[in-house]
Amino acid sequence: MSNWGVSARRLVPPMQGSALVGWLGPIAVAIFGGLLRFIRLGEPKAVVFDETYYVKDAYSLMLHGVERTMLGDAKNPVADRRLIAGNLDIFQQCPQPSDCASFVAHPPLGKWMIAAGEWLFGMNPFGWRAVAALAGTLSILVLARVARRMTRSTLLGCLGGLLLALDGLHLVLSRTALLDVFLMFWVLAGFACLVADRDQARAKLVSWYERSPVTALGPRLGPRPWRLAAGICLGAACAVKWSGIFFLLAFAVMSVLWDMGARRAVGLREPYRGALTYDLPGAAGAMALAPAVTFMASWTGWFVTAGGYGRNWDQATSSGPLFFVVDSVRSWLRYQQQVLGYHSGLEDYHPYMSEPWQWPVLLRPVSFHYPTNLPPSACGADKCAQAVLGVGTPALWYAAALALVGLVAWYVATRDWRAGAVLLAYGVGWLPWFYYAIADNRTMYLFYMIPVVPFMVLALVLMAGLIMGPRDAPAARRAIGAAVVGAYALIVLVNFWWLYPVLAAETITQAQWWSRMLLSSWVTAAPK
């Protein structure tokens, strides 16, 4: 059988521009975003919003390997006050370590990452936020690189990195020691690895096709290190928050579908059977076994110590043979069941809670920090304000909503894999929350959207590429398209600059604060 109908350029389009510029541009954009995130990172000098949980849990992991109970409670945060005063005596004292074990609702990896900053820079606001800022900065670099790979344009890649750097919600979570920025980072890193694997696998397939006799099923493609890296990253996402599992499952299926599509594109007679025979076993190892090992490894501290919550549940409740599972694993599984029950039953009212259908339009952001005791001397006016408002940049979010609608039409018309991948990622990061809102009436917040913000940016980048046209388009078309895209980027920059004081805890007058509240729902409590 002759090798007909295959174009290497079609299966693996060449990258435009030099490799050096392809790195220098994204790195420059990431440095810009990093400056925004690291400058004044220690402000506000306070325990902000849910930092009250994760900062102290991270410190406990660093000292004890597991989370322990702290002094005080939400109404009387003794431990928080001591931390800000520099007093690290924040743990309850118990006769036995297990008596002070703390029930936690999320896996440990994100808190271990926070702990790394505390270990390096001290138990202070800069220290506990440092790795979050680093993760946010690196995500800008990763986004720029993956956008470049998807569009074959360094310019569009840098545009993507710039837009992510200028998103308000991304900035706030990069400057706050919460878990969600780490979830976003690992999800994006996993996606980027799969896109790299797609290119590498197709290049191998083209090389085989051009040099070897063609068979019905096609070849074994050998080791797939990028897919293995993707599995590890997505396992890490699950080890930060359970919601990472939605991305893991969707991306695993997507990767195998890409394999099938590649084999069909080269004209193999049995592309699906070839993918199931040769690609699926490796995919199972990379996208099932590797994530499972990564997730379990994040619990090492719980397994190797005796003071974790529920660590000896099996020993206390069971007797007789343990069958095929040791008591520690049975105890751990029981713990996971309790965590699942907690998440399913989380219905407590919060003034900044919101519903998932409200998130794309930024109807109710989350006030992370707003002290009410600022003196007039702080801003030179009668009333001063200092805020950290967890809200996206409206010019980016509203345009992204339109871009996603455009991607639906684009995918229906062309079946372009890039549109499909972005829509899939956005869907699995957003739509599952509808179930929890309707079935469980669960308490939820706008910042649950942070894992899909990079994919909102990718939607904008892909639409920008359509507006600018292909490289061989008429010069006038390219110039007009570039002007439109450049004007939009400038609008996002101005919008971000205007919001920046209420994103980064700058002290301003209350009138200036009010002028930045786009909607009344940004300052009113959610209905009970």
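Glycine is no exception: its Cβ is also placed from the backbone N, Cα and C atoms.
Annotated features in TrEMBL:
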TRANSMEM  20-39  transmembrane segment
DOMAIN    29-260  domain 'ArnT-like N-terminal'
TRANSMEM  126-147  transmembrane segment
TRANSMEM  154-172  transmembrane segment
TRANSMEM  178-196  transmembrane segment
TRANSMEM  228-258  transmembrane segment
DOMAIN    330-522  domain 'Protein O-mannosyl-transferase C-terminal four TM'
TRANSMEM  395-413  transmembrane segment
TRANSMEM  420-439  transmembrane segment
TRANSMEM  445-467  transmembrane segment
TRANSMEM  479-500  transmembrane segment
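In summary, the transmembrane segment (445-467) lies against the transmembrane segment (178-196): three or more C-beta pairs, each 6 or more positions apart in sequence, are under 8 Å.
Within the chain carrying the transmembrane segment (20-39), a Cβ under 8 angstroms from the stretch's Cβ atoms is held by residues 133, 136-138, 140-141, 144-145, 148, 154-155, 157-158, 161-162, 164-165, 171, 174-175, all 6 or more beyond its ends. By the count of Cβ pairs under 8 Å, the stretch nearest in packing to the transmembrane segment (228-258) among 126-147, 154-172, 178-196 is 178-196. Among residues of the same chain six or more beyond the transmembrane segment (154-172), those with a C-beta under 8 A of the stretch's C-beta atoms are 16-17, 21-22, 25-26, 28-30, 32-33, 36-37, 136, 139-141, 143-148, 181, 184, 365, 368, 388-393, 396-397, 446-447, 449-450, 453-454, 457-458, 460-461, 464-465, 468, 485, 489, 492-493, 496, 499, 503-504.
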